[in-house]
Amino acid sequence: MKVNLQLSSGSFPFVDIGVMSGAIIFMQEDLKITEVQVEVLVGILSIVSLLGSLGGGITSDAIGRKWTMALAAIVFQMGAAIMALAPSFKVLMIGRLFAGIGIGFGVMIAPVYIAEISPSIARGSLTAFPEIFLNLGILLGYISNYAFSGFSANISWRIMLAVGIIPSVFIGVALFVIPESPRWLVMQNQVEEARTILLKTNENENEAERRLADIRQAAGMANSEKAVWSEFLRPSPSLRQMLIAGLGIQCFQQMTGIDAAVYYSPTIFKEAGIRENGTLLAATVAVGFTKTSFILVAIFLIDRVGRKPLLYVSTIGMTACLLVLSLALSSMEHGEVTVVLVIFVVSGYVAFFSMGIGPISWLLPSEIFPLRLRAQAAALGAVGNRICSGLVAMSFLSVAHAITVAGTFFIFFVISVLSIIFVYEFVPETKGKSLEQIELLFQNVGEHKGEVQLRDVERLLPKERLLGV
């Protein structure tokens, strides 16, 4: 690239995920809330965030990708402050609602923005890079849980939740540096501003001009097409395939149980035999460190080996770990060996998640949809993701009581098996293709099933265009 891209990930809300896993231990003691209230408190964040995701698609088309991220930060920080000061469960829920809406905005717009501003050759790694901050947020939450666990119950969880306000400082600074999406600028007829940004983010002027021409062509199609939502209600064959791939991968990311492992890791480790709160929280720090470390694998490989190979490794590895975890937790004897095995397997599960389906489920929807549909389609994908996340988070404890923690993770194992099949059948390989080339690839969807390779695009576009974009 001609200059380094300054990217804001919108991933600041995920500090909350790590924090909440430990904070609920002390909330129950301080506010005397029940397990059902814990499930509601944890899960409502994902359910409410779908409102933010739906609104984010409209807002990002109206005020731009950049300032939608700013709105996400403001709303989330309001929620974090209310939660940290909450005197009761009801006020805690009000703060949780604000935080959920902010998260909905953030998780929807960040990958769209990064995909639209990134060069094709580095789009995968740049879109995956914010996962580092997402996972650092979770890890920071785990560490704060451990660090503040020595305070009184009334103080510890409030400090833990207040930690979530810290990233707002970095978001505020980033917004003064990062540019607006050139694709959004073209849609607003601000072509010269878009050209200036493309000249800064591409290797040479010819490449920038080619990308600008493709974007203007796509924007022209957007202005002449029917309303976005009517296209979703009556999708063409190519759009239907895009929706299956984009929404499906988002839902599988959550239905395989990642939020159960992150939010309720203390519960899992307690089931394995750990009893002391300090030891429980220390084990979650190890899981958070592993989850953060392995996102580097995705960043390094995603534009080298492609999306599908990483997805295969990720989903197969997660499936194996879920099966072993279920078997280990169902063991009659929960001794030291079981504890070590469970910590190792949970760490392996989150590692495989981070190196594949974690970042790619956000990257793929931002790549495969045409410009006129991208923001709204990404919003739909985020809604599906948040609904599945909420269902998992709000039902885990109840289901675990009914069929045991081991039985619950066996269900996640079965779903993970289905995710492998889904990746093979419906997920295309998008490595090295421009967003406009990917759109043409799906227009030829009737001739392809399962694997979609670069040769399909080579038939659709002249070789010199492939090399130039």
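Glycine is treated like the rest: Cβ placed from N, Cα and C.
Just so you know, TrEMBL annotations never went through curation; they're auto-generated.
Among the features that TrEMBL reports, domain 'Major facilitator superfamily (MFS) profile' is placed at 2-431. Taking the domain 'Major facilitator superfamily (MFS) profile' (2-431) as a whole, pLDDT averages 80 in the prediction.
Feature annotation from TrEMBL assigns transmembrane segment to 12-28 (among others).
Sequence-distant contacts of the transmembrane segment (40-60) (same chain, six or more residues past either end, CB-CB distance under 8 Å): 16, 20, 24, 27, 33, 68, 71-72, 75, 89, 92-93, 96-97, 99-109, 112, 184, 259, 263, 375-380, 382-383, 386-395. The transmembrane segment annotation in TrEMBL covers 40-60 (among others).
For 67-87 (among others), the entry in TrEMBL reads transmembrane segment.
Residues annotated as transmembrane segment in TrEMBL: 93-114 (among others).
Annotation comment: TrEMBL describes 126-143 (among others) as transmembrane segment.
The feature transmembrane segment is assigned by TrEMBL to 155-178 (among others).
The coiled coil annotation in TrEMBL covers 191-218.
According to TrEMBL, the transmembrane segment annotation covers 280-302 (among others).
With a cut-off of 8 Å between Cβ atoms, the residues of this chain six or more beyond the transmembrane segment (309-329) that come close are 252, 256-257, 268, 271-272, 298, 301-302, 338, 341-342, 345-346, 348-349, 351-353, 355-358, 360, 404-407, 409-410, 412-413, 416-417, 419-420, 423-424, 427. Annotated transmembrane segment per TrEMBL: 309-329 (among others), in sequence order.
Residues annotated as transmembrane segment in TrEMBL: 341-365 (among others).
Within the chain carrying the transmembrane segment (403-427), a Cβ under 8 angstroms from the stretch's Cβ atoms is held by residues 241, 244-245, 248-249, 252, 255-257, 260, 267-268, 271, 307-308, 311-312, 315-316, 318-319, 322-323, 325-330, 357, 364, 396, 449-451, all 6 or more beyond its ends. Per TrEMBL, transmembrane segment is recorded for 403-427 (among others).
Panel annotation: around the transmembrane segment (67-87), residues 8, 10, 12-13, 16, 52, 56, 59-60, 94-106, 109-110, 113, 158-159, 161-162, 164-165, 168, 171-172, 175 of the same chain, lying at least six beyond its termini, place a Cβ under 8 Å from a Cβ of the stretch. Counting same-chain residues at least six beyond the ends of the transmembrane segment (341-365), those with a Cβ under 8 angstroms from any Cβ of the stretch are 107, 110-111, 115, 123-124, 127-128, 131, 135, 245-247, 249-250, 252-253, 256, 258, 261-262, 265, 268-269, 272, 283, 286-287, 290-295, 297-299, 301-302, 307, 310-315, 317-318, 321-322, 324-325, 328-329, 377-378, 381, 385, 419, 427, 430.
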